[in-house]
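Visitor: So TrEMBL lists these for the protein:
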type: TRANSMEM; residues: 82-101; note: transmembrane segment
type: TRANSMEM; residues: 107-123; note: transmembrane segment
type: TRANSMEM; residues: 183-210; note: transmembrane segment
type: TRANSMEM; residues: 222-241; note: transmembrane segment
type: TRANSMEM; residues: 295-314; note: transmembrane segment
type: TRANSMEM; residues: 321-337; note: transmembrane segment
type: TRANSMEM; residues: 343-361; note: transmembrane segment
type: TRANSMEM; residues: 368-386; note: transmembrane segment
Amino acid sequence: MKKNSAVFSWLLLAVLAAFSVARAWTAIISIDTARDLHVALQIVQGQALPLEGPVLASRFHLGPVWYYALALLWWLVQQPMALVVCLYALAASQLVAAYWLGRQLQGNRLGLWLALMVSLPYWGRFEQVLPAHPMFVMPLSLWMLLCMVKYLRHTGHLHPVAGGSAISPEGGQGTSSGVWHGLYLVLVFLCFGLAVHAHPTAVVMAFALLAVLARRLTLKRVLFYAALLALPFLTVLYQLWANPAASLAGLTAYSADTRSGVDWGNFPLFWKQALFDGFDYWLKGYLMLDGPLRWFFLGGYGLLMVAGMALFMVRQRRWRKSLLAVLVLAMLVVFRIRAETTFYMLDAVFLLFVLVLSLGFASLPPRWFSYALVLLAGWVLCLLAVDWHVSRQRHPHGEFAMAYHPLIDIKQPHSPAQGYQFMRYADVQAVNDWLCRGQGKTIHGNLGLNVLHNYALGQQRQCPGLSVQVAGWRDDASHWVGLPQSLHTVLGRTTAEQTAGMVLLPVRAYHGDFVQAQPQYMRYPPVQQAYTEASARTFTLSLRSGDYFVVTDYAFPFRAVQQVHVSAAGVERVHQDDAQSVFLCRSCEGDVEVVVTSRSHVVYGIAVF
């Protein structure tokens, strides 16, 4: 029976891991990760040895461990898509950590329950759409908790108790040598340091550390483990010591950011937004589910929340005060950071919330807990199967009708994006193959915007020395516009090429600004808006019936172009998203005036095709 149970457990974990890694094939390239991969490739090529890591909120830097980890993967696998699959596989280790953590606390059933719970969509699940360093906050936090529990069990401070309760925090006799005690504590603080390195909001896990270990640490140990905690940040600490004024100015600017101001009266609402609305936003914003299927999943999640919390409050008396205190303090910290809370800030608090719910269900009698586990497994697997199928059907090439960075805004509702097509990691190879065929290409529209803000990812490695220009006009170059594949039937051009989910068409004329796709120095973002008062520019286009033209905003972030007005009556808009507008000239000959009103009036262009 035990052998069959173990086989079932690992089979379930394998299925959950497969669903997790499969998301790599629908993952899109964000500007932050494109920058990080560009820096990592420079490390591999010996062109850079950074002492600072990714910039946070354009104010201060994290440590460089992330860059060097990416560089190692670049060196090992050589291709962007293979590298991203490796990242997803490493992140999926959170399932193993959750399972082992649950087993250490109460046994196999709680282990499976925790693994299923951390597989649920929430705000942080958007890291599976936009992979970046915060995707490792939850895995590292889980490994930290696992090592902490292992330490407590080896020292005898943690052991199973009767009566349905999972664990007892009371002291006991040690069960192993001091070598193991020290090793587990070393791993606890290393994992915690790396989790904070993945994103500073993981610092809330310090409350869990203090709640369990505060009375068991001497001053000597505190100093030693603080040194361990600082290891991933040595180069950052050096920069702080070498240039304290600039570093402190960045921290001050971040804390004084207008988006950091909060209204404490909204704190109760923040609980719902942080712990429930992310699941709902995933269903209706990403999967675009509606009707009975959405309510089936939403109702199941609500039942999990209510029943789990009620069971925890009634039956888990040993851990009720300490865990709730940790969760409330963690929520206060995240709430205080910013009124606009981005999805990657909620990993650690969601993990604590999941732990509370899981311990609540674990307090059930074993037989009832087994029944609940079977129901949860079926419900979660059904949800993941629908998730995978719908994401493959509705987002085959990275075209999303959702916000680029989903966030919680406790001051006002956040308006969703209009659906802009990003480039998937799975499409990078095909795009680079097309770019590398022939010389002197200039690209416009959606494809140009992606290549620009992806730092022409992998193209220099695939065909060194080939220069690709975005926007602008050169007489000695071939000019192409790349638009979302969804426009293929609208455009009706039988001569169009297709690659990586984009329609490629030759450009006849261009009006607007020049943008360099591959700057000689590392600039982040490659092109940034200069927010000014809205101003208008007038372009005169020579059009004939059947011509199309696209107005593309090449700056980051998007939505700088506010209005496009066309003087001719025979011109109609056939497509609009956050980055571009496409127009068709049905019945016009000669010159047509196009007036573009924008807050970013130096970084957009009009391509006629």
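Using the three backbone atoms N, Cα and C, a Cβ is placed for every residue, glycine included.
Keep in mind that TrEMBL annotations are predicted by a computer and have not been checked by a curator.
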Visitor: Grab the same-chain neighbours of the transmembrane segment (82-101) for me: Cβ-Cβ under 8 Å, and only residues 6 or more beyond its ends, written as numbers and ranges.
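Guide: Answer is 9, 13, 16-17, 20-21, 23-24, 27, 37, 70, 73-74, 76, 111-112, 114-115, 117-119, 127-128, 131, 135-136, 138-139, 142-143, 145-146, 149, 425.
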Visitor: Per the 3+ Cβ pairs under 8 Å rule, pairs at least 6 apart in sequence, do the transmembrane segment (321-337) and the transmembrane segment (107-123) touch?
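Guide: Result for the transmembrane segment (321-337) with the transmembrane segment (107-123) is no.
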Visitor: Considering only the recorded stretches 222-241, 295-314, 343-361, 368-386, state which has the highest number of Cβ pairs under 8 Å to the transmembrane segment (107-123).
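Guide: Looking at each of 222-241, 295-314, 343-361, 368-386 in turn, the most contacts to the transmembrane segment (107-123) are made by 343-361.
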Visitor: I'd like to know if the transmembrane segment (183-210) touches the transmembrane segment (222-241) in this structure, counting it as a touch only when three or more C-beta pairs sit under 8 Å and are separated by 6 or more positions.
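Guide: Counting Cβ pairs under 8 Å, at least 3, so yes.
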Visitor: Using a Cβ-Cβ cut-off of under 8 Å, list the residues of the same chain that are 6+ residues beyond the ends of the transmembrane segment (343-361) and lie near it.
Guide: 102, 105, 110, 113-114, 117-118, 120, 122-127, 132, 134-135, 137-138, 141-142, 145, 166, 195, 199, 201-202, 204-205, 208, 274-275, 278, 304-305, 307-313, 315-316, 319, 323-324, 326-327, 330-331, 334, 337, 369, 372, 405-407
Visitor: Sequence-remote contacts (6 or more beyond its ends) of the transmembrane segment (183-210), Cβ cut-off under 8 Å?
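Guide: Those are 53, 56, 62-63, 65-66, 133-137, 140-141, 143-145, 147-148, 150-151, 154, 221, 225-226, 228-233, 325-326, 329-330, 333-334, 337, 344-349, 352, in sequence order.
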